[in-house]
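Trainee: First the structure, then my questions, so here it is.
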Amino acid sequence: MGLLSILRKLKSQPEKEIRILLLGLDNAGKTTILKKLAAEDVAHITPTQGFNIKSVQSEGFKLNVWDIGGQRKIRPYWRNYFDHTDVLIYVIDSADQKRLEETGYELAELLADEKLAEVPLLIFANKQDLLHASSAAEIAQGLSLHMIRDRPWQIQACSAIVGEGIKDGIEWVSANVKKK
Amino acid sequence: MIAKCSSKMFLLLTQNFKYYLSCLYYYIHPAVKWFLRRTTGLCELQRICYGAPEGAPRNFSVERSLLQSRSKEIQAAVAYLNRTSKERQFKGNKLEFALQYIVETVLVVKKINALAHPKFPILLRQSVEVVWGYNQLEQEIVCLAGTHFDSSNKDHEAKLMELWSLLKPDAPLRSRVTKQWQEIGFQGTDPKTDFRGMGVLGLENLLYFASKYNSSAKQVLAHSHHPQFGYAFAIVGINLTSMAYHLMTEKFAKTHMYNVCSKLPSIDSFHLLYCYLFVEFDKFWIQARPKDIMEFSHIRENFETKIRKILSSNQRAAFKVQVSNDLSI
């Protein structure tokens, strides 16, 4: 590596930082999405106790992604991370039809919180690789997403483990970050 | 900016320096070995076996010496050891054969008279058994972590039920799917999804801890219910399985295993390392006096850094499960 290229690399480029909050029930796939974004191995992910945070470069943005545990006992702590959130990503296990109501309830709570007012919402309908997964459209209907009118929102089908759909979701995020 | 740049240059230089040093070593080492062999009348492996203290210092040196050997015969014997341990066939008759193969090859190649050196074959054998046994154990761990927990598998289910009755002997489960699982720190009403990532290995680890160190496990479980310093016992347990798994696959656990095992390391050796980690993490967590569970990630990271530092800086590191009297919170 020549000295010039080292110097060029060291030259700091001002980047826009985006704070992203990754929420959803336990076992939805939040940490897998986080690791996939950071291009890390997703083979051995264990349930999140507390939270994980990673900074990822994407499309000229620096994404600071906060992945908070989804276990019921941890959900009360979600609020502590709401401040200055630019985008909310809500992850749903599309194959867990039994808990669709529960996940809908938690999402409604989030949307009603004034700290998250007007924050763009991306919903990942995850685990599309599983045979009995509901489609994004079915989930959108089940959760009555069309009722959301106070913010830009999008539902994106994906399979974090396979790596499909994540990039499309992040493109939507970059395009819909609130202009500061 | 200049400081940043010069530090980068410095890094490049030191990296190159290390490279030159290893080149030098590559060419000088055989000459040193030849000189020592002439003056002491012993080959490198003999000097290691007689001179290095038992445990990790000797096992690491034997491993390095065998892997660096330039003798075609020894390389072939080492390749056989690698293959048998990787295929997890390093047991029974094959183990016996592999050990004889390497020992005899060394005796012939290095022209060692076994009658004049009766202790050498025994010491060499022992080191080879532990070193390649580690490789085999690593394969076994990877396999167990890759085996998904399957609720239609009777064996898996029986183990899960046993875990419950060991930790909660006085409170029978009301049904298979129940909120009760949260009392021992699973996330929801069915533990099966929590085993993702570490597979059956997570369950086996928990079960070993709960059966071999039942009172310690119950004590740790009681700590996990503390109003401020509480945590999810089973979930933290599965996170610690992941920590132990990576210590194994990233070879940090070698120091420990090479010190505590005098024979073939077994899955129990891994379980014991896990139990040590669990008991120690519990103490570490309480001593850190966390504000709430959201401090878990960084406290876990500090704990792991501490463990890795011990394993990489102290060649005599050997962890022993500390069964203590109740630690008052």
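Backbone N, Cα and C define each Cβ position, glycine as well.
Sharing the feature lines straight out of TrEMBL:
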{"type": "BINDING", "residues": "A:Gly24, A:Leu25, A:Asp26, A:Asn27, A:Ala28, A:Gly29, A:Lys30, A:Thr31, A:Gly70, A:Asn126, A:Lys127, A:Gln128, A:Asp129", "note": "GTP binding site"}
{"type": "BINDING", "residues": "A:Thr31, A:Thr48", "note": "Mg(2+) binding site"}
Trainee: Measure from each Cβ of the binding-site residues A:Gly24, A:Lys30, A:Asp129 to the Cβ atoms of chain B, and list in sequence order the residues where some distance is under 8 Å, or 'none'.
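Mentor: Checking chain B against the binding-site residues, no residue falls within range (Cβ-Cβ under 8 Å).
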Trainee: So what sits near A:Gly70 (GTP binding site) in its own chain, CB-to-CB under 8 Å and at least six residues off in sequence?
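Mentor: Sequence-distant Cβ neighbours: A:Leu23, A:Gly24, A:Leu25, A:Asp26, A:Asn27, A:Ala28, A:Lys30, A:Thr48.
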Trainee: Can you count the other CB atoms that lie within 10 A of the CB of A:Asp129 (GTP binding site)?
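Mentor: Other Cβ atoms within 10 Å of A:Asp129 (GTP binding site): 14.
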Trainee: With every protein chain in view, how many other Cβ atoms are within 10 Å of the Cβ of A:Gly24 (GTP binding site)?
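Mentor: The answer is 24 other Cβ atoms.
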Trainee: Tell me the Cα distance separating A:Thr31 (Mg(2+) binding site) from A:Asp129 (GTP binding site), rounded to the nearest angstrom.
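Mentor: Distance (Cα to Cα, whole Å): 17 Å.
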Trainee: Which has the fewest other Cβ atoms within 10 Å: A:Lys30, A:Lys127, the binding-site residues listed?
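Mentor: Among the binding-site residues A:Lys30, A:Lys127, the lowest count of other Cβ atoms within 10 Å belongs to A:Lys127.
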Trainee: If one measures from the C-alpha of A:Lys127 (GTP binding site) to the C-alpha of A:Thr31 (Mg(2+) binding site), what distance in angstrom results, rounded to a whole number?
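Mentor: Rounded to a whole number, the Cα-Cα distance is 13 Å.
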Trainee: Any idea what DSSP makes of A:Lys30 (GTP binding site), helix, strand or coil?
Mentor: helix
Trainee: Including all protein chains displayed, how many Cβ atoms other than that of A:Thr48 (Mg(2+) binding site) lie within 10 Å of its Cβ?
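Mentor: 22, counting other Cβ atoms within 10 Å of A:Thr48 (Mg(2+) binding site).
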Trainee: Around the Cβ of A:Ala28 (GTP binding site), how many other Cβ atoms lie within 10 Å? Please give the count over every shown protein chain.
Mentor: 24
